[in-house]
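Listed in Swiss-Prot for this protein:
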BINDING   Gly8, Arg11, Arg91, Arg143, Arg146  ATP binding site
BINDING   Gly8, Arg11, Arg91, Arg143, Arg146  CTP binding site
BINDING   Asp21, Asp23  Mg(2+) binding site
DOMAIN    232-333  domain 'HD'
Amino acid sequence: MNIYAVGGAIRDELLGVPVQDRDYVVVGATPEQMTAQGFRPVGKDFPVFLHPQTQEEYALARTERKTAAGYHGFQFHYAPDVTLDEDLARRDLTINAMAREVSPEGTLVGPVIDPFDGQADLRARVFRHVSDAFVEDPVRILRIARFAARFADFTVADETLALMRRMVDAGEVDALVPERVWQEIARGLMEAKPSRMFAVLRDCGALARILPEVDALWGVPQRADYHPEVDTGVHVMMVVDYAAKQGYSLAVRFAALTHDLGKGTTPADVLPRHVGHESRSVELLKPLCERLRVPNECRDLALVVAREHGNLHRVMEMGAAALVRLFERSDALRKPARFAELLQACESDARGRLGLDAQPYPQAERLRVALAAARSVDAGAIARGIGSDTEKIKEAVHRARIQAVAQALAIGE
């Protein structure tokens, strides 16, 4: 029995970046031998075991064969005579198909085992497929795109990009389950440069299949006086990258990605103006979230951002009553933390423009002051002074909030 550390841990060690997780492959063992040594079986489709002390995953060396379309259409073969090279050959990219032996004490020993020249591709900053079996798993398209968001200076090898396009043309991407698509998109959004993920997905044609609403934004012009970058797709990528650079949450980054979907359906005869794009964005966003089964917290923030971002940009011109109505529409009084994320998304929108990434956004501080004033109103005390007439209570609380905001900002109602 020989144990090897494989995949991403070896890649990251060679790149000099922190190793998050280690995957292990066991060559020359049977499931019975593993359990006899205290390993606990957890694999459903193929033998994977948890180490009795570290709880890390150890998989028996295996090969795989495509038997049906989609992510789950594989048949696995594992046996003591499956070699390490055979196991590495089934992996997606050369940079993920390297290994090092693990000593009985758990330390890495010996040289890097690199049958597919992954080290050369690491030095060249290239994503290259291990074999033509790459085409058998459509998730690999999403994984390469996600890796591009993490390793932003890498490029996809021409021959690998050609295979990805073949897979898209063959409909393989259409067979992916929504949960897996969302999982990979979400992970890519949380990387340092999410725009690289979408660039790779566009290059191979996959973005038009999994997120056609986003794909439609490229080539749509905006007013150059507001958007020096002009192209809507370019703008949205700048917004997402700004949100990533600030370390904002997944919900904020998803809202940044989807806030301008309605610009993709603006009638050609009114371009480059986009009057009413906010409401069109909301209508496109709802089925998108349902289709990909987007988590509620991401969906809910994205809907508020899509609907209200234009209003937030204009708050310097608003009176107190308009500000309170904005707070009520966005549920800011009950959900101030979500409103803070709304501000982050809108600030990203304002700064995700060519040459304007350091532009002041005084709207954010104005809204923070106004919301604090509105929330300082004691609705309970007002209700006790009025009695049981709920409509009167509601109107009195509303008026008190307007007055509090007007006083805090020294503006008219």
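Backbone N, Cα and C define each Cβ position, glycine as well.
Nearest to Asp23 (Mg(2+) binding site) in space, judged by Cα atoms and limited to the binding-site residues Gly8, Arg11, Arg143, is Gly8. The most crowded of the binding-site residues listed here (Asp21, Asp23) is Asp23, judged by how many other CB atoms sit within 10 Å of its own CB. Annotation for Gly8 (ATP binding site): same-chain Cβ neighbours under 8 Å, separated by at least 6 residues, are Val19, Gln20, Asp21, Asp23, Asn96. Averaged across the domain 'HD' (232-333), pLDDT for the predicted model comes to 95.
Of all Cβ atoms in the protein chains displayed, 18 besides its own lie within 10 Å of the Cβ of Arg143 (ATP binding site). Around the Cβ of Arg91 (ATP binding site), the same chain contributes Val6, Gly7, Ala97, Val130, each under 8 angstroms and 6 or more positions distant in sequence. The helix, strand and coil residue counts that DSSP assigns across the domain 'HD' (232-333) are 78 helix, 0 strand, 24 coil. Counting only same-chain residues at least 6 apart in sequence, those with a Cβ under 8 Å from the Cβ of Arg11 (ATP binding site) are Ile95, Asn96, Met98, Gly118, Leu122.
Looking at the residues that bind ATP per the record, Gly8, Arg11, Arg91, Arg143, Arg146, the two CA atoms farthest apart are separated by 16 Å.
Apart from Gly8, Arg11, Arg91, Arg143, Arg146, the residues listed for ATP, the same chain places the Cβ atoms of Gly7, Asp92, Leu93, Ile95, Asn96, Phe147 within 8 Å of the centroid of those Cβ atoms. Summarising the environment of Arg146 (ATP binding site), the number of other Cβ atoms within 10 Å of its Cβ, over all protein chains shown, is 24.
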